[in-house]
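Engineer: Features from TrEMBL:
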- A:18-183: domain 'DUF5931' (DOMAIN)
- A:294-382: domain 'Histidine kinase/HSP90-like ATPase' (DOMAIN)
- A:23-43: transmembrane segment (TRANSMEM)
- A:55-74: transmembrane segment (TRANSMEM)
- A:81-103: transmembrane segment (TRANSMEM)
- A:115-140: transmembrane segment (TRANSMEM)
- A:152-174: transmembrane segment (TRANSMEM)
Amino acid sequence: MDPAGTIPPQTAEKRAYGFEVPLWRGIAVFRIASVVYAAALVMQYSKTLSHPVGAWLVIVGMGVWTVFATYAYAEPARRSWGLVAADLVITFACMLSTGIVAGEDYLAVAPPLTATWFGAAPLAAAVMGGRRWAVAAALGYGVCDTILRGEITAAVISGMVLLLLAGYAVGYMAHIAAEAEHRFAQAVELEARTRERERLARTIHDSVLQVLAMVQRRGTELGGEAADLGRLAGEQEAALRALVGAEHRQTSSTTTTADLGALLSIHSATLVTVSTPATEVPLPAAGAAEVDAAVRAALANVDRHCPPGTRVWVLVEDEGDTVVVTVRDDGPGMAAERVAEAEADGRLGLSQSIRGRIRDLGGEATVTTAPQEGVEIELRVPR
Amino acid sequence: MHDAQIRVMVVDDHPMWRDAVARDLTEAGLEVVATAGDGAKAVRIAPATRATVAVVDLQLPDMSGVKVTQQLLAQSDPPRILILSASGEQQDVLDAVKAGATGYLVKSASKDELIDAVTRAHHGDAVFTPGLAGLVLGEYRRLAAAPAPVDDPDTPRLTGRETEVLRLVAKGLTYKQIASRLTLSHRTVQNHVQNTLNKLQLHNRVELVRYAIDQGLDE
């Protein structure tokens, strides 16, 4: 056991939210009540004591230690393993002193001098170190009590069992508290991150996006090089907007399903318009990724084969049992028979990257085109 | 109707945009009668300005563009509402249009598109972008798929032709291209588009009234 190595992170974490504070408070109350009970027992059976003065000195010692321990355990910074060790040593010493100052007559009618007060130290150890410490302390109590009485009596067993149960329960509660605190810390952190993200999104929306959109608009009007700059600004605006806006749409999406609308919206740019329903279009994540890849391939085709400035429209439709994605461009298009030709040649990326992907999803891809009519690719994917 | 009668109110909290939009419209010969930086002011001054078109940004500091739309349209002789928004606010755009906005334009639209849109809005013609068509299509499908009123006659539905037209709008075809592809007149295409919006807005009003009756607000 390396106390220095294992404890600091735990205490540091506990200090943050204080989920275990009620446990420590409970132990303090238990310790104070118990020392009063122990004094009452000594008073009640004072006639059986072998050394009354010694016994009372032990009770006073217990009282002093109770005051000190209550003070010491109150502050997380003072809760050290040294303190717990001292607590255990003093508790065991007080209990063992019963053999010298109280005697067998007293033990025949009452528990050892420490009575229930003994429980406080093992409980503190259980909160600090977990259930194993409580079990060990309970067994130690059993051994010491047996030594005091010279035999294993029913009182020894019941005391040990009570201590075992209490220590185990408190240790378990401490464990739960630590777990809860850990989860709570995670939730707080997540919330802070979300809030920060929303704040950033708002700020970016109010400033950068407006300027980028304005540059795009003015640049396009001015023409020439300014138009190129405007186009670049527009693309950055769309990308940035998708980035800060993505979080909002992904609310109910999990790792297994994805919102195809949000996924494809990322492709919107100056020359690419993406139209989706206002509501989510959920699709299994793997399927959505494949559809996205097919759309990318279609967009890449336009880039490769159409003159600059060709516009593209992507439409996402949710028909219930089918999801339809259409990619249409206003490029030069081609004669219908050339599509088959191009596919046979392995050009256009149509066969593999689009048709293959959609077929694997159990859907179909239809290509419609004519000279001067652009190319329209319709992807139908079953749910 | 003459363009000279077009009186525009511009509602946007960003001075940069407000001024740019106002300047573009003025240069094109339209009369910008008022500008407002927040929704409350817009609602307050609208009656006095007798604006025929209000260009409203969806995101305002004090209230949403949807709310501004509702409050402006509740006034007597209200202006037509043209929603101007950055992309990526789909639900808000849809809500504003359902609340009665005549159209929607993205902020990155060109000067000519803006002037055209304001002019069309002034004449009461729906201003549809592909994005809005996608939203409206989605809304009709959502209403059709909603479990509660299966055969509710009030649930608006698209005719086959309307669906066809809306899908083509969403795929970026111009009304002219749609007209020639479906061998319809330009006006018929415009009417189909307008109808899809009217049905949705009517349904929205019916729903609001029904809600008010359910809540006992009519008493």
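Placed from the backbone N, Cα and C atoms, the Cβ positions cover glycine too.
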Engineer: Per the 3+ Cβ pairs under 8 Å rule, pairs at least 6 apart in sequence, do the transmembrane segment (A:55-74) and the transmembrane segment (A:115-140) touch?
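Structural biologist: Since 3 or more Cβ pairs under 8 Å link them, the transmembrane segment (A:55-74) and the transmembrane segment (A:115-140) do come into contact.
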Engineer: Report, as numbers and ranges, which residues of the same chain sit near the transmembrane segment (A:152-174): CB under 8 Å and 6 or more residues beyond its ends.
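Structural biologist: Beyond its ends, the transmembrane segment (A:152-174) has Cβ neighbours at 20, 23, 27, 111, 118-119, 122-123, 125-128, 130-135, 137-139, 141-142, 145-146.
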Engineer: Which residues of the same chain, at least 6 past either end of the transmembrane segment (A:23-43), have a Cβ under 8 Å from a Cβ in it?
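Structural biologist: That would be 49, 55-56, 59, 62-63, 66, 69-70, 73-74, 79, 110-111, 113-117, 119-120, 123-124, 127, 170, 173-174, 177.
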Engineer: Where DSSP helix means H, G or I and strand means E or B, what are the helix, strand and coil counts for the domain 'Histidine kinase/HSP90-like ATPase' (A:294-382)?
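Structural biologist: Split by secondary structure, the domain 'Histidine kinase/HSP90-like ATPase' (A:294-382) comes out as 32 helix, 29 strand, 28 coil.
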Engineer: Per-residue pLDDT averaged over the domain 'Histidine kinase/HSP90-like ATPase' (A:294-382) comes to what?
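Structural biologist: Taking every residue of the domain 'Histidine kinase/HSP90-like ATPase' (A:294-382) together, the mean pLDDT is 85.
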